[in-house]
Amino acid sequence: MSPKTLYDKIWDAHVVHEDTDGTCLLYIDRHLVHEVTSPQAFEGLRMAGRKVRAPEKTIAVPDHNVPTTAGRENPDNMTEDSRIQVAALDKNAKEFGIHYYPVTDVRQGIVHIVGPEQGWTLPGMTVVCGDSHTATHGAFGALAHGIGTSEVEHVLATQTLIQKKSKNMKVEITGKLLPGVTAKDIVLRIIAETGTAGGTGYVIEYCGEAIRDLSMEGRMTICNMAIEGGARAGLIAPDETTFEYVKGRPHAPKGAQWEAALNWWKTLYSDDDAHFDKVLTIEGESIEPTVTWGTSPEDALPISALVPAPEDFKGGKVDAVRRSLDYMGLTPGQKLSDIEVDTVFIGSCTNGRIEDLRAAAAVLKGKKVKDGMRAMVVPGSGLVRAQAEEEGLADIFKEAGFEWRLAGCSMCLAMNPDQLAENERCASTSNRNFEGRQGYKGRTHLVSPAMAAAAAITGKLTDVREMM
Amino acid sequence: MDKFEKLTGIAAPLPLVNIDTDMIIPKQFLKTIKRSGLGVNLFDEMRYDRQGNEIEDFVLNKPQYRETEILVAGDNFGCGSSREHAPWALKDFGIKAVISTSFADIFFNNCFKNGILPIVLPQEAVDTLMKDAEKGSNARMVVDLEEQTVTTSDGESFSFEVDPFKKHCLLNGLDDIGLSLEKVSSIDSYEEKASQARPWV
């Protein structure tokens, strides 16, 4: 048998039907649903008189558009359009009999944090959701990717997707990381090297010692941003770290099934001679704490660098950089570490897990945010929030001057009232620095949680290593 | 879904690279529970000022581009969020084809589900089409899916590749779900086998 990549193995295990031209019907093991990209899909089912084929494999949670302020269990405290979307999800979950975590449930949170937390996400699965950051679940060695609403409806109706296989790409991070360097810095560096279209047409497998050394949460941060590099999905082969994380979670297999699952999961790795169509290798030691300066995630540089000039680039990127610098209010040659911020956002499916909050709190302990700084922590789920309170992290944040919010997507996409005002500048642990992403004319610098905490204290983008 | 007919229409140039789905349709318009009515907010933050007035020099606000049916755009069009509101907004505006050197994966797929044809061509071809699009309403570009060609107003033709299955669906206006449900017995037998092999799923 010819050697296979991890992606090949998961793909092969899920092909329901293959046409002569290679178009496949791929079986979907887990379908995650949220309030913003699903109403039209449920409406489509209703119009066609169709049912949800596998409600037991379908999990819904409102996250994108919910308030993160106290009192949100009362619908009167939501804006009208949020209330309509959340009410639609409530109704659809009940009517179609799918698993549901409403805002009143402590397990509610960002869909990509809830899935792994509850053990819905397991190695070797196919996982989809109407959200591009579904790539997160690839950290478990699950083939996971975002889909549009028409495909949400397709999965609801058939538990399959029409797909063609992507190519295989390998990104290897060798050796150890330097102190102060995190998973977020790794992934920003990768995107800076590949560009936001570098992964288009590929599924990326992340490997190498620096990846193996990461916790599950760090691995989720890496795979989360696979989409920002254009890839259909990111994958990391499951290992003892994965199994340890999964074991005992509410929906993880138990007893004899656990043993059977483990036996299969242990076969999920790329064979030694497996073919990759594209390979990128980065030395772990060469990665520094990294920040973005522009309006694309590929606009990332080490914190020690200077703001680049349009002339440093080629082709269409020259004009794009000119536009970015104008939008961001930056001047070529300016030190990144001189850029002043007035807002700090810690949260999102990229960096809203307990280890992210621990890393930020470790920097903030006993310190205060700079005068006038608006700083906000939005835990990724109700359970992350509860754990952070139990560990005393919430008190550290609050004493430092951070707002301590309820779980949701919040200022990562700023659909709810958590937004930047015009020309406000934010150090954000989220995943996209697009124009207008965090608010009309808002300016976003993507950073790790520790770097966000450092910026909150000093009021500018700061090398967290100076504070360690 | 409507059938994709041979299209002769005005093409608008949008040479910016990495046009993301937040630009195509900003998040405040994702609060709808419908698919329709988003065309007026297509490219909202590039198209209108804060007071809702049109920004004159944005291409789709220019008189000669108000009836645009084809967009010629920079690299990596449609990157970012998976929101299908992006193709819904394009379609509602009247855009039926987008031409670029590359598209983001999810956006690319979402287009086909909504009767929009995304066309990938090499840089030189896109450059030529971009120049042709700059002629505005005096010029008409022709997109022929059956023949897989795009033709400028001067008659210069470029051939493009398209996945045969996607082409078939677009030409015939076929609904994916209906097609997949024809394979329901394959899905049934897959589920039976999978429940033996991986009962924990």
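Every residue, even glycine, has its Cβ placed from backbone N, Cα and C.
Long-range Cβ contacts of A:CYS412 ([4Fe-4S] cluster binding site) within its own chain (separation 6+, distance under 8 Å): A:PHE345, A:GLY347, A:SER348, A:CYS349, A:THR350, A:SER428, A:SER430, A:ASN431, A:ARG432, A:GLN438. Taken from TrEMBL, the feature [4Fe-4S] cluster binding site covers A:CYS349, A:CYS409, A:CYS412.
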Filtered binding-site residues - A:CYS349, A:CYS409, A:CYS412 - keeping only those with Cβ under 8 Å from chain B: none
Sparsest-packed among the binding-site residues, when each Cβ's other Cβ atoms within 10 Å are tallied, from A:CYS349, A:CYS409: A:CYS349
Check: same-chain CB within 8 A of [4Fe-4S] cluster site center, minus A:CYS349, A:CYS409, A:CYS412: A:ASP63, A:HIS64, A:ILE110, A:HIS112, A:HIS133, A:GLY347, A:SER348, A:THR350, A:GLY352, A:GLY380, A:GLY408, A:SER410, A:LEU413, A:SER430, A:ASN431
DSSP state at A:CYS412 ([4Fe-4S] cluster binding site), helix/strand/coil: helix
